[in-house]
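Record features, source Swiss-Prot:
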TRANSMEM  1-21  transmembrane segment
TRANSMEM  33-53  transmembrane segment
TRANSMEM  55-75  transmembrane segment
BINDING   G70, T73  Na(+) binding site
TRANSMEM  93-113  transmembrane segment
Amino acid sequence: MMEALLVATGGFFGAITRFAISNWFKKRTKTSFPIATFLINITGAFLLGYIIGNGVTTGWQLLLGTGFMGAFTTFSTFKLESIQLFNRKNLSILFLYLSATYIIGILFAFLGMQLGGI
């Protein structure tokens, strides 16, 4: 039961944080590139790598890794925005978004793990 509470608590704060950051960017940027989702997912990849690399206890992994990072990052929004770019025939931005998210995401996860100690 405690494990579920840790995941739920982290998830609550992760979702609220993502919501706030997304809204902040929407009010300040006018671009076809989905910058908020990109930065959230890249930051999440780095932080999750750092959490895992740091070797924190299972409780912290559940709270921060599974809970917070699971709700903070957003695979579904990433895919939805990719489809929207495709439907709008904005293929150059789509290619940039897909390649940057995957390449930089993997690099940042690796960097986080290295800085965390793995």
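Cβ coordinates come from backbone N, Cα and C, glycine included.
Computed from a predicted structure; not experimentally measured.
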Practice task
State the non-local partners of the transmembrane segment (93-113) in its own chain: residues 6+ outside its ends, Cβ under 8 Å from one of its Cβ atoms.
Solution key: 32-34, 38, 41-43, 45-53, 78, 81-82, 85-86
Problem - Contacting positions for the transmembrane segment (1-21) when only residues 6+ beyond its ends and CB under 8 Å are counted - result: 36, 39-40, 59, 62-74
Practice task
Give the helix, strand or coil assignment DSSP yields for T73 (Na(+) binding site).
Solution key: coil
